[in-house]
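Note sheet for the following structure.
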Amino acid sequence: MAFQLALDALAPTTHRDPSLHPILESTVDSIRSSIQTYPWSIPKELLPLLNSYGIPTSGLGTSHHPHAAHKTIETFLLCTHWSFQATTPSSVMFMKPSKFNKLAQVNSNFRELKNYRLHPNDSTRYPFTSPDLPVFPTIFMHDALMYYHPSQIMDLFLRKPNLERLYASLVVPPEAHLSDQSFYPKLYTYTTTRHTLHYVPEGHEAGSYNQPSDAHSWLRINSIRLGNHHLSVTILESWGPVHSLLIQRGTPPPDPSLQAPPTLMASDLFRSYQEPRLDVVSFRIPDAIELPQATFLQQPLRDRLVPRAVYNALFTYTRAVRTLRTSDPAAFVRMHSSKPDHDWVTSNAWDNLQTFALLNVPLRPNVVYHVLQSPIASLSLYLRQHWRRLTATAVPILSFLTLLQRFLPLPIPLAEVKSITAFRRELYRKKEPHHPLDVFHLQHRIRNYHSAISAVRPASPPHQKLPHALQKAALLLLRPISPLLTATPFFRSEQKSMLPNAELSWTLKRFALPWQASLVLLALSESSILLHKLFSPPTLQAQHDTYHRHLHPGSYSLQWERTPLSIPRTTAFLPFTPTTSTAPPDRSEASLPPAFASTFVPRPPPAASSPGAQPPTTTAAPPTPIEPTQRAHQNSDLALESSTSTEPPPPPIRSPDMTPSAPVLFPEINSPRRFPPQLPATPDLEPAHTPPPLSIPHQDPTDSVDPLMGSHLLHHSLPAPPTHPLPSSQLLPAPLTNDPTAIGPVLPFEELHPRRYPENTATFLTRLRSLPSNHLPQPTLNCLLSAVSDQTKVSEEHLWESLQTILPDSQLSNEETNTLGLSTEHLTALAHLYNFQATVYSDRGPILFGPSDTIKRIDITHTTGPPSHFSPGKRLLGSQPSAKGHPSDPLIRAMKSFKVSGNYLPFSEAHNHPTSISHAKNLISNMKNGFDGVLSLLDVSTGQRTGPTPKERIIQIDHYLDTNPGKTTPVVHFAGFAGCGKTYPIQQLLKTKLFKDFRVSCPTTELRTEWKTAMELHGSQSWRFNTWESSILKSSRILVIDEIYKMPRGYLDLSILADPALELVIILGDPLQGEYHSQSKDSSNHRLPSETLRLLPYIDMYCWWSYRIPQCIARLFQIHSFNAWQGVIGSVSTPHDQSPVLTNSHASSLTFNSLGYRSCTISSSQGLTFCDPAIIVLDNYTKWLSSANGLVALTRSRSGVQFMGPSSYVGGTNGSSAMFSDAFNNSLIIMDRYFPSLFPQLKLITSPLTTRGPKLNGATPSASPTHRSPNFHLPPHIPLSYDRDFVTVNSTLPDQGPETRLDTHFLPPSRLPLHFDLPPAITPPPVSTSVDPPQAKASPVYPGEFFDSLAAFFLPAHDPSTREILHKDQSSNQFPWFDRPFSLSCQPSSLISAKHAPNHDPTLLPASINKRLRFRPSDSPHQITADDVVLGLQLFHSLCRAYSRQPNSTVPFNPELFAECISLNEYAQLSSKTQSTIVANASRSDPDWRHTTVKIFAKAQHKVNDGSIFGSWKACQTLALMHDYVILVLGPVKKYQRIFDNADRPPNIYSHCGKTPNQLRDWCQEHLTHSTPKIANDYTAFDQSQHGESVVLEALKMKRLNIPSHLIQLHVHLKTNVSTQFGPLTCMRLTGEPGTYDDNTDYNLAVIYSQYDVGSCPIMVSGDDSLIDHPLPTRHDWPSVLKRLHLRFKLELTSHPLFCGYYVGPAGCIRNPLALFCKLMIAVDDDALDDRRLSYLTEFTTGHLLGESLWHLLPETHVQYQSACFDFFCRRCPRHEKMLLDDSTPALSLLERITSSPRWLTKNAMYLLPAKLRLAITSLSQTQSFPESIEVSHAESELLHYVQ
C-alpha cells in the first residue's frame, strides 16, 4: 500500500519509470515462461478464473484453440501437477504419443505409455493398441476415470499386484447432481439424457463427448472395498470440472488422537479431537445463497440459487424506496440478470428471486431497543415478550405438584377439640415471658414443635422426621426476618372469653387429592398449552429467529460427505484378456524414448444372434469402459458411422456365481450397455428414410453458444441428409391405422355406414369402432356440439358420448380438433346417429350434411373467422351469395379430382380475378424504363434480328394495355409453409394430357432450373420455363406462377392482360415469406398496394406442414415435419465448401462466390431447397432483416442452419435479429408475434387433403364467437396516477418535517433502482435577502426609429433555394418559404437565418454528421497517447494556476456533501421534464442498452445571432441521448466539482454558469476597465477538437477532489468507448453528457492560462466563449502546448466585445439589439408574439435600465436596432408589461399579472423574476422545460458554505 502511494506521488514526475523498472524486470521471466507453457489465447472472461485456480497463465498467448481454457488446465495438470507427483518410474495410460513425448521431456520418470483402442475414434488418436497392462507401480490415467466403474479399478489393482498408486484425472462437473445448468457456462456446459452426461467444453460442440451420468460419484467416495482388499480415494486438486484423484492400495492408519483415553472433565477444550471426523469435500462455485422453499412446494435447488450481492442489494432496495410497485423488484432483477458475471443463474432462479422479494416486502423484524428503562419496566417488557414461554414451562410443574401429596404424603396440622368450658369467669392463661427471637430460641421452639409432632404421631415413618440438616437450613433462612417474627400472633397471649369456649388442640393429619383429579388437572394444563401453540402466533424469539433465517440465508456451498463404497465383485478392466509382462529395467540414466506396444488385439467375433433380438434377462452384463479416451480436451472430428459398421463385441463372460447387485453410487453396472454407445435408434421409421447417426447427439444451442462464435461444426462431419422420395402423407404411420379403438380396414364413412348422403360430404376415411366409449374429455372448441344441441335439444355431453360410439378416438382427439375444433365430418356422424340433415350456411353458400332420407332438418351458420365458428340458426342475408369459381370448367374439375399419393390438391375453388389496368400499366411502365427487370436494357444491336427486340415487345404490350379492356380469369392459389410440397403436385398435374399447354414463370434462374430438372421435358419444350420477364412475352393456355410474392406488384394482372389465350392461372407462394422490392430508387412499383393483401382472399387453405425442414427447425415453429432428420442449429467460423451461404446483400454474395463458395442472398433463395446445412452470414444488416426474410433463411435446408459471424447479432438484444436469436437460443418462434396482421387470417390445415368434401371446422368454444382486436399487440395505456400496483408505501420519520423530495412512483421500473431517493442530508440556513436601494439613473434617450419601417427593408431580396444544399440528391429545408405567412417584408422573416427542424428536414442530421462528429477508425477503445498525457498535465497545471491551487494538493472527500449533490441531481432530473416525458423515454433506462452507446439526434432550434443572420446552410447542433445510469451516476460528480470551483474561483474570473443577467451586469461594472481593445475569442468545432487530453484533464480534476476511483474509471471508460448509431466516436465533447458546460469552461480557461500570463486581469468564460479585458503577454511555454492542441482559434480585438449574446463593458451589459430585432420580426410573422413578447422584453430591460450609459456599450451600427426594439415594445406591449421598463420595483401583483402566460419565457427572463413567481411558473404544465433548475443552481451556490 505504501509503495502504491509512492508510485501515485511519482506519477507526474520522470522518476516513476525508473522506480517501476525492478518490478517489470522481475516479471519478465514469469511472463516468458507463461507464454511458452500456455501459448493459447484465453478468453478474457475466463482468465481471472484460471488465475484463481492457481494456474500461472498471463493471458498474453496468441495461439487459437477451440477450448483454450481446458487446454490450459490440462497443461497445468500434466506439466506441473503430475510432474511433481511422478517421483518414481511411472506408466501413463490413454494419451497421444506426441503429448506423452512432451510430458516425458518434462519429467523422465514417465517411462511407459499404454493405450487401448476401445472406441472407433481411438484409431485416430492411438496408432497402436497395447496388449498388456502397465508394469510400473505408479500409473497416471489421463481423462478416462469417468468411464470406469470402481469395480473395474479394483480389477486393475488385483491384476497388477505391484500397482500401488493410480493418479487419475476426472472431468466431470461437480454440480451435475443438481441440474443440467453449469455454474461456469463460459467454461463448460452439459446436459443429462437418461444415463448419459453430454459435456461441451467452452461451446465447442465438435469437442464434446459423452460419459456416464453417475461419473460424479467418484467425488463422493473415499475408499473402495472388496472383501479384504481396500483402495483409498483422495481428491488432490480440483480446477472447476477437472479433478486430480489418487487411488492407492490400502487404507490410512487410524488417527492416534482418536485412541486417546477419554477425559473426565466436562470442560475439555479438545473434546472434538476424540470424535471421528467427517470426510467433507467442497468445490468452488460462484458466491450464491439459497432461497427458502415456497410454502408446501418443492422447488429444485438449482432454481433457488441466486448471487449473494444481487440478493443483498435487492433486499435493501425493496426496503429503501418510499413507494414500491409490483414491477420494481422484477426491474431491479433485470438490471443484473444480463450481466456476464451472472450467466450461471437460471431464469427460474431470477423469477423466484423477484417473487420472493416482492412477497416478503411487508416483513419486518418484531424487535424493540429500550435502553434507558427502569428495572420494573424491563421486567414488565420481559414478561410481555416471554409470558407464553414462562407459562408453558410453569403450568406442567404446577400441575405435577398436585401429584406430590399422592407420592409424598406430608402431614398437615389440623385443629382438634380437646375440652369445652362454659359459664366460667374470664380467666387468662399464664403469660409466657416475651423473649427476643434469636437463633437459639427459634431453634428451641422448632425442636419443641418437632417433639410435639413426634408425640402426636409416634408411628410416623422415619423419613417424615425433620432431619438435623433441615433444621439448620430453616434457621439460616429465618435469621434475616427474626425481628418480624417477634410481632406475629404466634408469640402473643390470648384472652379467654366468658362465653362457652372449646379448647382446640393441633394434630397432624395426612391429606391427599385423588390421583384421578391430579391427572385431569395435568391434562387440562397440557391441552391448554397445546391449543395455545396451535392457534397463537410464534413467540417473539421464534419470530426473530425465523425472520433472520428466512430473509438472511447463509452462503450456499457445494459440499458433501464422502463415504466408503463396498462392491460385491470386480469387473474386467479391459474388454479383452491382457497378456502378462514384466517391468523393464530402470533406464533413468539413458534418454531412451518411451516404449509402445505395437500388437493390436482383435475383438472377439460377434455372437450368432443379434443382441437386440435376444429377450431381456434379469442378470446384467458386466460393464465395459465407455469411450475411455474420448476426452474433454481433444478436438475429435464428427465421424460418420455407416450402417455396415462392425457390431460391438459381446460383453465378457461372467461366472454364474456372480450376483447382479451393484453399488448404489454407480447404478450403470446393472443396466446392459452396448459398447460403444451410439445414438438411440428409431425403429418406427423406415430404413430408407432414417439418416445415418452422428457420433455426437444433437446439442441444444443454448448449451453450446460461444460468445465469440469460435465454436464451429466441421462440414465434413455432417452426413448428407437422405434424399427424400416424392412427398407423401404415408412417410409416418397414420394414427388411424394404429388406433386400438377401431377395427377393420380404412374406408370412407359412406361405405361403412351406407345411406343417401349429399355428394362429397361422407367420403372422409374412417374405421369401424370396436371398443365402447373411453369417456374422452369434451373438447374446449365445442361450438359445433353447442349448435347441434341447440337445434336437437340433446345435451352436449350426450352428443359427445355418441360420437365415441361411431368414430375412433384418433378422429375425436387429435391436433386438428384441439387447434381447429370439430368439423363437418363429426356433423355428418351426428346426423347419421340422430337421423337429421343439417344445412350449413357458410361463405360458399348453403351446404347439406347428413342423410337425405330423413325429414328432420336443422340450420347451422358457419363463420370463417379466424377463428371459425359454428352457431345455431340461419344467417339472414340480403341475397344468397353465389358460389365462387367455375365448376363447369373442365380444367378446374380436373384439378379438384386430381390426386397425388392419395391426396387432393389443397384448394377449394377457383377465384375469378378481375384484372387491374392500373397495376399492369404501372409494372409495364417501370419495365419499359428499366426500373424493374432487365429486358429493356439488353443490347441486341449485334447478330441476326428475326423480330422485335424485347424492349419493342414491352412497348407493344404497353400500347395494347391502353386500349384493351380488363378481363376476369379464374385463379387457383396454393399457399403453405416453406417446404410443404406446393410445387410437386402441380408438376405432376402438368404432366397430364389436359394440362400440357402450360408455361411456368419463376422469379429467379435457380428456381427455373429446378423446374426444368423436375419436369424432364424435351429440350424443345424448355421455352415453357421462364423467368418472370420473358414469360410475359409468351403465350399458353395455362400459366403457373411460382413464388408469386417474389414477383413485382401487378405481375398477375400484366400476365393475364398480355396473353389473350390464357384460360387458367395457378399461383404458388407463401405470403409469410415476404414480397418483391425493386432495387431501383426510381421505380414506382412500391406505390401499389401489397400483393399479400390483394391475394389473401384467394387462399382457401394454408398448408401447415413441411417435407423439408428438419425436426430441430420444426420444433421452433411448432409445425409437423415429415423430414425425420434431426438437423442441427449451430455456428461456424468459416463456411464449408459444399454448404450454401446465405447473405444479406448482393455485394456479400458476390464476394463469397468469388472466393469459391456457393452463395446467394436470403431473398433470392426463396423457393430453393438445400441438402447441406445453410450457412447464414451475420453482419451489420442482420438486425434490419424482416421477419419474412428470417423465415426464408431458416427454412431452406433439409439439414438445418449454421450461423457465421459475431454472436451479438443473435444475442436477443436491440442490435440483433429477433427471429435468428430465437432460433439460435432454441426459443419458440411465435408466428402471431412476427406476423400479427397476416398470420391470424390464414386458414390452416395440418394434414394433406384426403377428401374433397366440403369440410368446415369450428375453433371457438361454445360461447359467442370472438374476434381479435386489430391492436391486440399494443399495451394498454396506464395513467401516471395509477397506484393499484403499490405493494408498500413507506412514510417518512415524523421528526423530518414535510416531504421535500419529488414523487418517483411514476418512474419506469428500470429507472427507479438508479435513483437513491435520498432526503436532504443538510438543512440550509435561512437566506436573508438584501434589497439594494434604488439609484437614480438618467433614462436613455432614443433616436426615433420606427420598427415597421426598418423591418420592411431589412430582409434582402433573394432566392431561399440558393442557400440550401443537396445531400444525396435531396434538398435541405432550412429556409422554408412556401405557404409561410409574412406581413413585415416581402418574404417571411424566418428566412433571416437557418431554421433547424428535424421533423421537416430529413437531410438535417445526415448532412451535419461530418461536421459535428469525429469517428474512431475502429470499434477498439480510444487509446490515450503520451502526447495526450503531457498536454492533459499541462492544462491541469494551468487550471490550478487559474484557481490559485497547488497541483499536488488534494481535498478530502466529503460524503455528506456528495450525498447532497446526489439529491440535487435527482431533483433536477425529475423536475426538468414532465412526468409524461420521462415515462415516454423509458427506453433510456433499458438494461439492455449499453452504457457506452449514445443516440445522436438533431436539436430543433432557430438560432439568431450575428453569425447566422443572412447566412447560408448551417450544420445543426447534435445532442447525445445517454443512458439514465450515466446521468444519475456522473451528474452528482459534476455538481460536486462545481461547488468547489465556485468557492475557489478568484473574483477576476467570471463564469456565466448559473448566473443571471443582473449578476453579469454587476460583475462587468465592478471589474471591467475602459482599456481597449479587448480580446474576444470563439473556437471553430470546439467540441470536436477535444481529444484524449480532455479525458486526462477531467480525471486529474476528479482525483484532486478524491472522487471514488470507480467513478473516475467509469468516466474514462465511457469517454474512450463511446459509440453511436453512426459509428464509434473519439473522445470529443458530447452535448448531453454530464458536466458538458463545466468541462468546456474549464478546458477553455486552462487554454487561456496556458497561453497568457493573466495575473489579475479580468477574464470572462462561458463554454467556448471567452473575453479578456486587455491584451496580455504570452507565456514562454505556449508553443509547446499549442503544437499539441487541436483547437482553431477565432481571436477578435474589438472595442465592443460580445459575450454570450450581450455587449459588455464597464457600464454593464446589454442584449445584442440586432439579434433581438430579428427575433421580434420572426415572432410577428409567425404570429407568436403573444407567447414570446414577455421574454424578449425582459432581455431588453437588462440594458435599458442602465440608462444613458448603454450607448457606450453598443457599436454605432446597432443604435438603430436598439431604438427600433424600444419603439416596438412601446407600441406593442400592454401597459402592465411596459412597467418593466421603469427603474422602480413593480408590485408583486403586477408581476403575477405579467407572468400569467409564461409559455415562452426564456431562462434569462426567469432569472429576473422573484422566487415566488418562478416556483409558480415552473408548476404550470405548459411551461417550457429549462436545461437546469434555478433552485438547484441556487442551492449549489449556497451549499458549500454551510457544509464545510
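Placement of Cβ uses the backbone N, Cα and C atoms for every residue, glycine included.
Predicted, not measured: the structure shown is a model, and the values here were computed from it.
What Swiss-Prot says about this one:
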{"type": "ACT_SITE", "residues": "Cys783", "note": "active site, for protease activity"}
{"type": "ACT_SITE", "residues": "His869", "note": "active site, for protease activity"}
{"type": "BINDING", "residues": "Gly976, Phe977, Ala978, Gly979, Cys980, Gly981, Lys982, Thr983", "note": "ribonucleoside 5'-triphosphate binding site"}
{"type": "COMPBIAS", "residues": "609-621", "note": "compositional bias 'Low complexity'"}
{"type": "DOMAIN", "residues": "58-219", "note": "domain 'Alphavirus-like MT'"}
{"type": "DOMAIN", "residues": "728-879", "note": "domain 'OTU'"}
{"type": "DOMAIN", "residues": "730-884", "note": "domain 'Peptidase C21'"}
{"type": "DOMAIN", "residues": "946-1103", "note": "domain '(+)RNA virus helicase ATP-binding'"}
{"type": "DOMAIN", "residues": "1104-1236", "note": "domain '(+)RNA virus helicase C-terminal'"}
{"type": "DOMAIN", "residues": "1572-1678", "note": "domain 'RdRp catalytic'"}
{"type": "REGION", "residues": "571-729", "note": "region 'Disordered'"}
{"type": "REGION", "residues": "859-887", "note": "region 'Disordered'"}
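Following the DSSP three-state reduction, the secondary structure of Gly976 (ribonucleoside 5'-triphosphate binding site) is strand. Proximity note: of the listed recorded positions (His869, Phe977, Cys980, Lys982), His869 have a CA within 10 Å of the CA of Cys783 (active site, for protease activity), given in sequence order. Within the same chain, the residues at least 6 positions away from Gly976 (ribonucleoside 5'-triphosphate binding site) whose Cβ sits under 8 Å from its Cβ are Pro906, Lys982, Asp1070, Tyr1102, Cys1103, Trp1104, Trp1105, listed in sequence order. Restricting the average to the domain '(+)RNA virus helicase ATP-binding' (946-1103) gives a pLDDT of 88. Of the recorded positions His869, Lys982, His869 has the largest number of other Cβ atoms within 10 Å of its own Cβ. Each of the binding-site residues Ala978, Cys980 was assessed for Cβ neighbours inside 10 Å, and the highest tally belongs to Cys980. Counting in whole angstrom, Cys980 (ribonucleoside 5'-triphosphate binding site) lies 26 from His869 (active site, for protease activity) by their C-alpha atoms.
Apart from Gly976, Phe977, Ala978, Gly979, Cys980, Gly981, Lys982, Thr983, the residues listed for ribonucleoside 5'-triphosphate, the same chain places the Cβ atoms of Asp1070, Cys1103, Ser1106, Tyr1107, Arg1108 within 8 Å of the centroid of those Cβ atoms. Fewest Cβ neighbours within 10 Å among the recorded positions Cys783, Gly979, Gly981, Thr983: that distinction goes to Thr983.
Take the CB of Phe977 (ribonucleoside 5'-triphosphate binding site) and look out to 10 A: across all protein chains shown you find 28 other CB atoms.
In three-state terms derived from DSSP, Cys783 (active site, for protease activity) belongs to a helical segment. DSSP assignment over the domain '(+)RNA virus helicase C-terminal' (1104-1236) gives 42 helix, 25 strand, 66 coil. Annotation note: Lys982 (ribonucleoside 5'-triphosphate binding site) sits in a coil segment as assigned by DSSP.
Between Gly981 (ribonucleoside 5'-triphosphate binding site) and His869 (active site, for protease activity), the C-alpha separation comes to 29 Å.
Checked against His869 (active site, for protease activity), the binding-site residues Phe977, Ala978, Gly979, Thr983 differ in C-alpha distance, with Phe977 being the nearest. Look at the domain 'RdRp catalytic' (1572-1678): DSSP puts its residues at 43 helix, 23 strand, 41 coil.
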